[in-house]
Amino acid sequence: MVVAHPTATATTTPTATVTATVVMTTATMDLRDWLFLCYGLIAFLTEVIDSTTCPSVCRCDNGFIYCNDRGLTSIPADIPDDATTLYLQNNQINNAGIPQDLKTKVNVQVIYLYENDLDEFPINLPRSLRELHLQDNNVRTIARDSLARIPLLEKLHLDDNSVSTVSIEEDAFADSKQLKLLFLSRNHLSSIPSGLPHTLEELRLDDNRISTIPLHAFKGLNSLRRLVLDGNLLANQRIADDTFSRLQNLTELSLVRNSLAAPPLNLPSAHLQKLYLQDNAISHIPYNTLAKMRELERLDLSNNNLTTLPRGLFDDLGNLAQLLLRNNPWFCGCNLMWLRDWVKARAAVVNVRGLMCQGPEKVRGMAIKDITSEMDECFETGPQGGVANAAAKTTASNHASATTPQGSLFTLKAKRPGLRLPDSNIDYPMATGDGAKTLAIHVKALTADSIRITWKATLPASSFRLSWLRLGHSPAVGSITETLVQGDKTEYLLTALEPKSTYIICMVTMETSNAYVADETPVCAKAETADSYGPTTTLNQEQNAGPMASLPLAGIIGGAVALVFLFLVLGAICWYVHQAGELLTRERAYNRGSRKKDDYMESGTKKDNSILEIRGPGLQMLPINPYRAKEEYVVHTIFPSNGSSLCKATHTIGYGTTRGYRDGGIPDIDYSYT
């Protein structure tokens with residue numbers, strides 16, 4: 001048994017060794033796995049913590065980072081990676097305050113940077129950006145490179161900046177393939193920006209300086225649905241004829257606060273739903289302006305100069321729900337009888353506001369829908385008259401209504417029915433026909449550069465079209481100038497004319513209050529301005545006005561010089577008198593006598609409270625208290641005993657019961673104290 005034991009030991013030792021090795025290997029592999037898992041978990045947690053870290057000056061909420069109204073001069077550098085919307089408005093951030101690592105935030109889609117200190121379009125923006133607000137900054141330029149860095153941009157707000165037409169780089173929007181909304185309100189634009197993206201659906205250019213719109217201004221904008229041009233300098237003559245007709249998908253057009261005399265020609269009719277024309281100078285509307293606008297729901301013509309509307313203007317407006325006509329001088333005559341009937345018939349579906357009569361006098365202040373008996377007089381029967389004649393005149397007027405010239409800036413043609421370009425060799429008689437009987441004009445040259453025009457209309461009119469042309473130089477092509485004159489005016493003064501020149505002046509009635517003018521032939525007259533050196537010039541009139549006007553210029557200058565010299569002499573005399581008086585005063589001060597200064601001091605002390613002022617070698621006493629002293633003071637010196645001191649007490653003048661006491665308790669016998 002002793003021999004077998006070692007054998008057993010030798011046999012079992014290799015097995016134990018193998019088992020221990022396997023156990024150690026397994027333990028080692030498990031430890032490595034655990035270490036790897038722990039490292040990965042730590043890295044993941046670190047990434048999560050970094051992505052959710054919020055800047056200390058901001059507030060974060062599920063991807064929305066609120067850093068607005070903090071007075072920041074730069075964007076915080078530790079913006080979380082999961083941020084989707086950055087609110088950075090109402091700060092003082094400039095272009096240098098936009099960090100470069102902002103473009104690495106690939107989840108950011110909306111940035112609000114309005115009301116900051118940006119003077120250039122920011123470039124360090126994430127490519128994922130879809131909406132950018134830059135209102136109320138000082139951005140001056142729009143470069144193609146800046147927009148190319150954010151190709152996914154859909155909405156760009158640049159209101160209230162300093163962008164001008166020349167500061168927009170050519171093809172600046174060439175890489176903005178997804179831009180749908182562009183706001184450029186309240187900038188310095190003088191024309192429509194070129195190269196706008198074809199994907200644009202909403203364009204706002206209100207409150208700029210746009211005065212002209214050429215034919216190609218909106219070329220290719222087939223997706224445009226909303227166009228706002230309020231508060232510009234637009235007039236009919238500076239808008240090309242087919243400017244808006246190409247915008248077939250337009251649903252809203254706003255031309256508020258411009259200088260339109262009539263609605264623009266060829267408005268888009270297929271899908272237009274809202275048309276805003278208020279706050280212009282519109283005095284007439286052609287009968288076919290709103291033709292085929294079957295989708296129109298809202299029409300605003302408030303704050304214009306309309307007195308009447310042509311029959312059938314609203315015939316195609318089957319979906320019209322709101323019609324605003326406030327603040328117009330409506331003349332509720334027979335020509336508006338059709339409108340009264342239309343308002344009553346559509347009262348259930350159309351909300352009409354502001355159709356208040358301003359004339360005739362008997363219906364002033366009444367709503368047109370409430371007028372019955374006055375308009376029923378238009379139906380008086382008679383042979384070939386009554387309703388038939390009134391209807392015939394009204395119908396004829398619809399087709400003969402004047403159209404404000406539009407597009408003449410680009411076509412260089414004057415569209416004036418019945419008015420040819422004047423020729424200096426042709427005489428211009430007064431117009432004939434029914435239209436000529438309603439208007440008579442008289443012209444008179446006042447000065448070398450002005451002509452006065454007066455006229456008389458037999459029927460009240462909403463407006464007159466006045467045109468004039470200088471003759472004698474180029475009969476075939478003349479520079480015709482025209483303007484619209486309100487119907488209540490009876491005279492007009494032409495100024496800034498050429499001296500000794502012949503002018504042909506024509507006037508036509510746009511619309512009368514009771515019936516339209518069937519014949520639009522203008523009434524014309526000639527006038528010749530005076531010679532610039534003739535007796536009718538303003539200068540000669542002023543010279544002949546009175547005797548003072550004939551004084552030579554040298555006499556006027558001499559009189560002015562004499563007047564100035566007189567003032568100088570008087571000033572010298574006043575100065576001399578002043579100096580002499582001061583010397584006399586000083587002499588008297590020297591010769592006052594030999595009284596001593598102590599006398600002045602003593603008398604001043606005894607009589608009243610005074611101050612001493614030293615002037616020259618003597619003393620002068622100036623009283624400052626006009627009241628008499630209430631009691632005289634006698635000064636006594638009190639010698640206190642050894643070891644005692646004087647106590648101080650307040651003394652009031654006029655109260656004799658107040659006494660002072662020494663430390664020994666013995667009262668003083670005097671009423672004054674030291």
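Cβ atoms are placed via backbone N, Cα and C, with glycine included.
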Between Asn305, Asn642, which does Swiss-Prot record as N-linked glycosylation site?
-> Asn305
Looking at Swiss-Prot, which one of Cys58, Cys60 makes a disulfide with Cys67?
-> Cys58
Looking at Swiss-Prot, which one of Cys332, Cys334, Cys378 makes a disulfide with Cys357?
-> Cys332
Cysteine of Cys38, Cys54 paired with Cys60 via disulfide, per Swiss-Prot = Cys54
Rounded Cα separation (Å) that holds between Cys60 (disulfide bond) and Cys67 (disulfide bond) | 9
Tally of residues which DSSP labels helix, strand or coil - the repeat 'LRR 1' (82-103) = 7 helix, 3 strand, 12 coil
For each of the disulfide-bonded residues (Cys54, Cys58, Cys332), count the other CB atoms lying within 10 A of its CB, then report the residue with the highest count.
-> Cys332
For Cys67 (disulfide bond), write down the residues of its own chain that are at least 6 apart in sequence and whose Cβ falls under 8 Å from its Cβ; none is a fine answer.
-> Pro55, Val57, Cys58, Arg59, Ile75, Pro76, Leu86, Tyr87, Leu88, Asn91
Pick out which of the glycosylation sites Asn249, Asn305 has the most other Cβ atoms within 10 Å of its own Cβ.
-> Asn305
Nearest by Cα to Cys54 (disulfide bond), of the recorded positions Asn249, Asn305, Cys332, Cys357, is Asn249
Non-local Cβ contacts of Cys357 (disulfide bond) (under 8 Å, 6 or more apart, same chain)?
-> Trp330, Phe331, Cys332, Val363, Arg364, Gly365, Met366, Ala367, Ile368, Ile371
